[in-house]
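Q: Sharing a structure here in structure tokens format.
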Amino acid sequence: MWGFGGGRIFGIFSAPVLVAVVCCAQSVNDPGNMSFVKETVDKLLKGYDIRLRPDFGGPPVCVGMNIDIASIDMVSEVNMDYTLTMYFQQYWRDKRLAYAGIPLNLTLDNRVADQLWVPDTYFLNDKKSFVHGVTVKNRMIRLHPDGTVLYGLRITTTAACMMDLRRYPLDEQNCTLEIESYGYTTDDIEFYWRGGDNAVTGVERIELPQFSIVEYRLVSKNVVFATGAYPRLSLSFRLKRNIGYFILQTYMPSILITILSWVSFWINYDASAARVALGITTVLTMTTINTHLRETLPKIPYVKAIDMYLMGCFVFVFLALLEYAFVNYIFFGKGPQRQKKLAEKSAKANNDRSRFEGSRVDTHGNILLTSLEIHNEVASNEVTTSVTDARNSTISFDNSGIQYRKQSSHRESLGRRSSDRTGSHSKRGHLRRRSSQLKIKIPDLTDVNAIDRWSRMVFPFTFSLFNLIYWLYYVN
């Protein structure tokens, strides 16, 4: 019962309000009252001086701003800028434009903006901007009964964005939009973000081919110049570059070309045409990739991350070509010449030895020795012990001054020969063991097959290590 009575009371009190609203709406749309609206607008504009700001001589005008971002069209590393399309709204109160008798907001033609005072807002880091003009100039003026003015524009601006490309393309960039008053100082005008952190909308709708918007920040501050302090609002975007495009377009081709250059290690070393053609092709391909990349980036003095990677791949490809040059030199150049010289020297030594040994015994059966041989025998341990005993051997001189040694007895000769042979065998065994150890530690660089075998292991290992260090450093 009480609920039914309460509903009747609410209906009784709400009915006049609804009637008043409907009557006001009808009165505005009534052709007879359109003249009243026209007279109101004419009255507002009559005597209005756009040269003076609202509350001239009084407190500064507070201008609130909203931005609805339509799109970020382009981020250019070459020009160091980005292009932004947005709906830019400014709010302020002008008591000269307050009106009564019409309980509605008045949305006027965009040409009325030329007859009203508007803030002298400009974009500090702007390079090129324009207000869209299809089909009419995209700007709006809306008046509120209390004198609040909404001034909206659809703007496309290209703003400067100074980028640090040292970690390109694994980088993050910070691009800002600086909004400032050109002529009015903080004594005349103040800027603020209308709605606080919600003053900028549409960021979540933005999709960029190469970037992702990590976050955005709103900043309000005053900056001081020689002519005074000016209000400034900043909208800052933190952009993280998407690596997927560069992996497919740059990194993967470079890796595959580097691996392709290693195929020459499995090609026979005497196939010069195949190995040289493969090496030169891979080097030229890496050069083409480097050239194309430099055309898409500005001419900056420091080295970028992608430059380091491409330079590393180029070095590996170039070293693979040099490896075959070294193999070719060993096989066709230095190696055969050295072997020929060694063979000639060995044959000459054998001939000299056989001829010399035939002339070392005189007619009496004595073995002729040179002074150098006697010195060597005296210096050795075996000869020293035998020289101390005068009964073992006798050294004499003939009339020509040539020293000779008489042959010892058969038993002494056999004993001395066996001891010499044992000592020489032990020395040879020791030298052979040392040489085998050195061969295990150091590969024979005169063997072209060994060079190719080692290259098959060393090149992939070092390239994998290079990739590990590169990605750990730049990703983290």
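The backbone N, Cα and C atoms fix where each Cβ goes, and this holds for glycine too.
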Q: Would you mind telling me which one of Asn105, Asn392 Swiss-Prot calls N-linked glycosylation site?
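A: My reading of Swiss-Prot gives Asn105.
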Q: In Swiss-Prot, is Ala347 on the same membrane side as Lys95?
A: no
Q: Pick from 83-103, 146-166, 188-208, 272-292: which stretch is listed in Swiss-Prot under transmembrane segment?
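A: The listed stretch tagged transmembrane segment in Swiss-Prot is 272-292.
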Q: Which number gives the other C-beta atoms within 10 angstroms of the C-beta of Tyr122 (histamine binding site), all protein chains shown included?
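A: Its Cβ shell of radius 10 Å holds 13 other Cβ atoms.
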Q: Given the disulfide-bonded residues Cys161, Cys175, which one's Cβ is surrounded by the fewest other Cβ atoms within 10 Å?
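A: Each of the disulfide-bonded residues Cys161, Cys175 was scored; lowest Cβ tally within 10 Å is Cys161.
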Q: Using DSSP and collapsing to three states, where does Tyr122 (histamine binding site) fall: helix, strand or coil?
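A: Assignment for Tyr122 (histamine binding site) reads strand.
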Q: Taking DSSP three-state, what's Cys161 (disulfide bond) in: helix, strand or coil?
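A: In the DSSP reduction, Cys161 (disulfide bond) maps to coil.
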Q: I'd like the Cβ neighbour count for Ser181 (histamine binding site), meaning other Cβ atoms within 10 Å of its Cβ, all protein chains included.
A: 21
Q: Quick one: mean pLDDT on the topological domain 'Cytoplasmic' (268-271)?
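A: The average pLDDT of the model in the topological domain 'Cytoplasmic' (268-271) works out to 80.
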